[in-house]
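The structure appears right after this line, and notes come after that.
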């Protein structure tokens, strides 16, 4: 992160702490603005990194049978409250043209898309769209199950509640494929 931007974040954190009545000079808070700026550089790195473009394909005998990577752990920040939400992403696709994506690319794509302020619904759609646009597929299915700190810590205060979102494209819009995906991620 640029020094100027880091300084802006540090000043903003100091202002917030002062506004809520904290003594920003007490021992436990002196370096907090620096720590928060460093943390934001990490958790929002998807905003400053180049667009994810590592869609390495391999030849495969698989022609149209589901490839599923499930339980991809992730965290992101809710764009409404700047509080974390975290959970698991399940991504499946139906290969086309005898090509499959390198398996490590799916968790890397999820991480890249999640490292920015967003909402779970948009994150789900973004992952599906990026895959649909960049690899030859007959369909994509993405499911995310997450706990939102904006629901746990504030507002309705519902600890351990989970939110599930889904996005289906191509053949996964057909009930047979959709059902198979949903059964596999249970």
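Including glycine, each Cβ sits where the backbone N, Cα and C put it.
As given in Swiss-Prot:
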- 78, 81, 150: Zn(2+) binding site (BINDING)
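Structural mapping of features recorded in Swiss-Prot.
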residue	record	CB count, 10 Å
78	Zn(2+) binding site	18
81	Zn(2+) binding site	16
150	Zn(2+) binding site	16
Can you see whether DSSP assigns residue 150 (Zn(2+) binding site) to helix, strand or coil? helix
